[in-house]
Each structure stands twice: as structure tokens, then as C-alpha cells.
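Novice: This is the feature table in Swiss-Prot:
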type: DOMAIN; residues: 4-100; note: domain 'Rieske'
type: BINDING; residues: C43, H45, C63, H66; note: [2Fe-2S] cluster binding site
Amino acid sequence: MKFTRVCDRRDVPEGEALKVESGGTSVAIFNVDGELFATQDRCTHGDWSLSDGGYLEGDVVECSLHMGKFCVRTGKVKSPPPCEALKIFPIRIEDNDVLVDFEAGYLAP
């Protein structure tokens with residue numbers, strides 16, 4: 001696995017999201033009760049940013065374009081209109097550095 005430093009942990013306040021990019025891949029980092037999760041940033045239904053204008057409630061993000069919802073832990077659709085899950089990305093914290101493996105995005109089983 002190839003992890004890339006994307007931000008400082010303090011850059012993502014609890015209940016918020018931050019968009020990060022590497023090699024043309026955009027990932028949203030979500031802070032859920034102090035735990036960080038990484039998913040693709042674009043909604044699978046309307047190609048809309050989930051980190052910019054999306055609404056995070058617990059571990060569910062709502063797309064601001066058509067109100068579809070996804071679980072940020074699993075990437076799974078929680079409410080239509082989307083029918084395709086989000087890719088999730090391996091993430092780890094070292095000290096306060098947030099690292100993401102942009103090459104290992106996957107769909108949860």
C-alpha cells in the first residue's frame with residue numbers, strides 16, 4: 001500500500017468533511033465522532049462533490065444536489081436516487097498526519 005499525507009487531523013473538525021486530491025483522484029475525508037473515513041468525493045448519481053455542500057449527520061452524508069445519502073464508513077447507499085455505492089479508501093493517522101492510499105479505493109462487500 002502506498003499512503004500519501006493529505007492533511008493534518010485538525011484540518012477536519014468533528015462533523016465536517018475535507019476534499020483532498022492526488023493524481024487526479026478526489027477523496028472526501030469525513031470526521032465522525034473523532035474517527036476519520038475516506039470515500040470518493042463525487043456522488044455516484046449526479047457527479048457532485050460530497051465534501052463541498054454535502055450534509056454529514058452521524059456517519060451518513062447527504063448529497064446537496066439530489067439528496068441521496070451514503071454511509072461514509074462503508075460507502076453503501078442509504079437513500080436513493082443513487083444506486084451505486086461510493087468507493088472507500090484506506091486511511092490511517094500517524095501522529096496528527098492523515099494518510100490515504102489513493103490507489104487502493106474499493107467498493108465494500
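Here the Cβ of each residue, glycine as well, is placed from N, Cα and C on the backbone.
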Novice: Mind telling me which of the binding-site residues H45, H66 has the densest Cβ neighbourhood, counting other Cβ atoms within 10 Å?
Specialist: H45
Novice: Please list residues from the chain of C63 ([2Fe-2S] cluster binding site) whose Cβ is under 8 angstroms from its Cβ, counting only those at least six apart in sequence.
Specialist: C43, H45, G46, W48, L50, G54, K69, F70, P82
Novice: Does DSSP give C43 ([2Fe-2S] cluster binding site) helix, strand or coil?
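Specialist: DSSP call for C43 ([2Fe-2S] cluster binding site): coil, neither helix nor strand.
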Novice: Taking all residues of the domain 'Rieske' (4-100) together, what is their mean pLDDT?
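Specialist: Here the predicted model's pLDDT, averaged over the domain 'Rieske' (4-100), is 96.
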Novice: Around the Cβ of C43 ([2Fe-2S] cluster binding site), how many other Cβ atoms lie within 10 Å? Please give the count over every shown protein chain.
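Specialist: Taking all protein chains shown, C43 ([2Fe-2S] cluster binding site) has 24 Cβ neighbours within 10 Å.
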Novice: Please list, in sequence order, every residue of the chain apart from C43, H45, C63, H66 whose Cβ lies within 8 Å of the Cβ centroid of the [2Fe-2S] cluster site.
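Specialist: For the [2Fe-2S] cluster site the neighbour list reads T44, G46, W48, L65, M67, G68, P81, P82.
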